[in-house]
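Chemist: First the structure, which I've put down as structure tokens, then a few questions once you've had a look.
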Amino acid sequence: MDNRGFTGSNGDMYRGAGDEAEPRGVRNGRDKGNHAVLELHENHNNHNTTTASVVSEKMELENPLLYAMDDKPPWYMCLTLGLQHYLEMIGATVACPVILAPALCMLDDDPDKANIISTLVFMSGIITIFQTTLGTRLPIVQGGSFSYLLPSLAIMNLPQWKCPDDAVISGMGDDERRELWQVRMREIQGAIIFAALFEMIFAFTGVIGYLTKFITPLTVAPAIGMIGLSLFKNVTVQMGKNPAVGFAMLGLLILFSQHLKEIKVWLPFGKRDAEGRRKKFPLFQVYPVLLALILVWGVTAILTVSDALPKGDPARTDYKIKILDQAPWFRVPYPFQWGWPTVSIGAVIGVLCGVMTSTIESIGDYYACAIVAKASVPPAHAINRGIFMEGLGCVLSGFWGSGNGSTSYAMNIGTIGITKVASRRVIVTAGAIMILFGMVGKVGALFISIPDPILGGLFCYTFPLVVAVAIGTLSEICLESSRNIFIVAFAIFGGLAVSEWAQANPTAIQTGSADMDSIFQILLSTGMFVGGITGFILDNTVPGSDAERGLARRKLAEEAATISGDPTYDIPLVMGYINKAKWMTLLPISPTYDPTRLSSIWGQIFGKRCAGGEAREE
């Protein structure tokens with residue numbers, strides 16, 4: 001390799017052996033015309049390779065992908081890897097309706113609880129497929145969000161929605177009990193629908209894409225990192241129900257994904273080499289979750305049958321058997337299954353705060369997923385389209401009555417980093433599995449009945465991956481800058497401290513308005529919102545160069561992707577029409593979106609008005 005700097009496929013600069021060292025995150029070789037990086041490649045490469053097409057040799061050696069985004073793994077790998085993604089998202093997705101159910105005044109053994117869970121899983125599958133094929137087109141899983149759960153709980157905590165005593169509920173008839181929780185569900189449905197409409201409008205008009213100019217890794221890293229850090233209590237509670245089983249699950253996950261990841265085994269199926277022999281397959285690296293789950297779940301089943309685990313132990317496989325017994329074999333969720341949604345301004349404002357939090361989180365996930373999947377930096381139109389698709393998914397979820405919205409799952413992005421499989425086909429398969437299991441109640445209930453200690457071990461493995469994704473986004477900024485170090489550290493610490501204080505003092509905020517009290521309580525109790533907004537404010541007020549903030553690197557990567565005609569974020573099948581339709585260049589969600597053309601049109605309009613006004617004055 002000659003002594004030259006070169007740009008990786010994710011926009012990262014790497015120095016050759018003869019280059020002078022400079023602060024991490026600062027690009028060199030940039031001339032007045034911003035073309036020095038491209039010219040640098042052309043001067044040292046007779047093939048005139050553009051920046052976007054040059055792949056970093058360092059990244060190829062350290063982090064090679066088994067399957068890239070456009071690759072098509074065999075059907076059996078798509079099926080098993082899709083199932084693995086489903087198993088990782090199902091715990092967090094199921095947790096949302098399980099936590100919400102008591103606030104809806106549902107009894108523990110209410111069979112409709114399983115129907116709500118199936119509806120949320122069903123809608124998550126649909127939105128995942130929409131996002132991967134038409135949205136950002138990144139391999140990213142969608143699912144229920146705690147960003148929508150917290151506002152929903154705050155709404156149900158208002159005096160008019162307080163639940164009657166358990167004795168009163170138990171004395172009601174079936175129809176009365178059903179109407180008791182359904183009227184509350186309809187209130188949440190209406191709030192989610194109208195709050196998500198604002199999200200769609202912001203994305204369709206390009207407001208979201210414009211805001212990305214001010215959202216750097218110093219905003220993204222604290223927001224995503226707080227997701228993993230703030231959930232440690234949930235992990236300890238789950239694992240504490242049977243620490244031996246929980247740590248057994250965690251230990252196997254670490255063993256398979258880290259210690260045994262280099263070990264490859266022969267399989268009776270798979271690719272063949274040039275000599276016709278079966279290639280060895282990195283089984284433990286690709287399927288750590290599936291292998292660990294099968295082993296630990298199987299052992300707990302044996303211990304349950306032999307009564308080695310005492311009755312009532314949460315690690316027993318029959319501990320949640322009631323869910324499996326009550327689940328229907330086949331049920332297709334449908335719109336307005338709980339009745340027509342109702343709307344109140346206070347509830348919409350509360351959920352709108354959740355939409356803001358979810359949007360910041362998802363934007364960070366897009367950038368993080370692009371890095372992990374070795375893709376170019378997501379352009380503004382892809383981010384606009386991704387948030388638009390999430391907003392559409394939330395509106396549909398409100399119609400179907402899932403009791404929650406939709407957001408991108410950072411833990412599944414971390415899984416891509418572990419398995420090195422970033423194929424879109426795998427994520428689409430995962431979405432299809434969600435849809436299928438959402439309709440086949442017994443199959444979905446089987447996975448929902450996974451013992452809590454096993455889920456605790458799984459969460460203890462996946463939530464740190466969320467933090468790892470957050471740390472990875474910081475590679476775009478200069479970490480030798482005291483400014484950046486302070487902002488990241490303060491934002492994370494502030495997110496932890498303020499959210500803990502707000503949760504410990506729920507009545508401390510007194511504005512004179514119950515609705516405003518609820519809104520502030522929701523915001524301050526959400527660590528990812530506090531951490532993200534703190535990083536956002538400091539990053540955009542404390543002086544710092546574009547190179548320090550990572551904006552210079554992002555801009556060069558976007559320019560390189562544009563010059564090379566990178567098709568990663570193009571919409572399939574319809575690009576021929578989109579390229580021909582000039583009006584599509586005015587849509588912020590279009591792959592051909594040209595903000596300069598839109599600006600010139602507005603300039604002409606306002607120019608004519610100004611000219612007309614001057615004429616009238618004369």
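Using N, Cα and C of the backbone, Cβ positions are placed for all residues, glycine too.
Here the structure is a predicted model, which means the values were calculated and not measured.
Summarising the annotation, TrEMBL assigns compositional bias 'Polar residues' to 1-10. Per TrEMBL, the feature region 'Disordered' maps to 1-31. For 17-31, the entry in TrEMBL reads compositional bias 'Basic and acidic residues'. The transmembrane segment feature in TrEMBL is assigned to 86-107, 114-134, 188-207, 214-232, 281-303, 338-357, 426-448, 454-473, 485-504, 519-538.
Give me the local environment of each listed feature.
Modeler: Beyond the ends of the transmembrane segment (114-134), by six or more residues, the same chain brings 89-90, 93-94, 96-98, 101, 140-144, 185, 323, 326-328, 331, 333, 337, 385-386, 389-390, 392-393, 396-397, 400-404, 406, 408, 424, 427-428, 430-439, 441, 444-445, 448, 571-572 to within a C-beta distance below 8 angstroms of the stretch.
Counting same-chain residues at least six beyond the ends of the transmembrane segment (281-303), those with a Cβ under 8 angstroms from any Cβ of the stretch are 66, 77, 80-81, 83-84, 87-88, 245, 248-249, 252-253, 256-257, 260-267, 270, 309, 315-317, 415, 418-421, 450-451, 454, 457-458, 461.
Remote same-chain partners of the transmembrane segment (454-473), defined as residues 6 or more beyond its termini with a Cβ less than 8 Å from a stretch Cβ, comprise 87-88, 91, 217, 220-225, 227-229, 231-232, 234-241, 245-250, 253-254, 257, 289, 292-293, 296-297, 300, 315, 364-365, 367-368, 371-372, 410-411, 413-415, 417-418.
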Chemist: Do any residues, 6 or more residues outside the transmembrane segment (188-207), come within under 8 Å Cβ-to-Cβ of it, and if so which ones?
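Modeler: Residues packing against the transmembrane segment (188-207) from afar: 100, 148, 151-152, 155-156, 338, 341-344, 347-348, 350-352, 354-355, 359, 380, 384-388, 390-392, 394-395, 397-399, 401, 403-405, 587-589, 593, 595.
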Chemist: Give me the stretch from 86-107, 214-232, 426-448, 519-538 with the greatest number of Cβ pairs under 8 Å to the transmembrane segment (338-357).
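Modeler: That would be 519-538.
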Chemist: Are the transmembrane segment (86-107) and the transmembrane segment (426-448) close enough to be called in contact, which here means at least 3 C-beta pairs under 8 A that are separated by 6 or more residues?
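Modeler: The answer is yes, given that the two segments have at least 3 Cβ pairs within the 8 Å cut-off.
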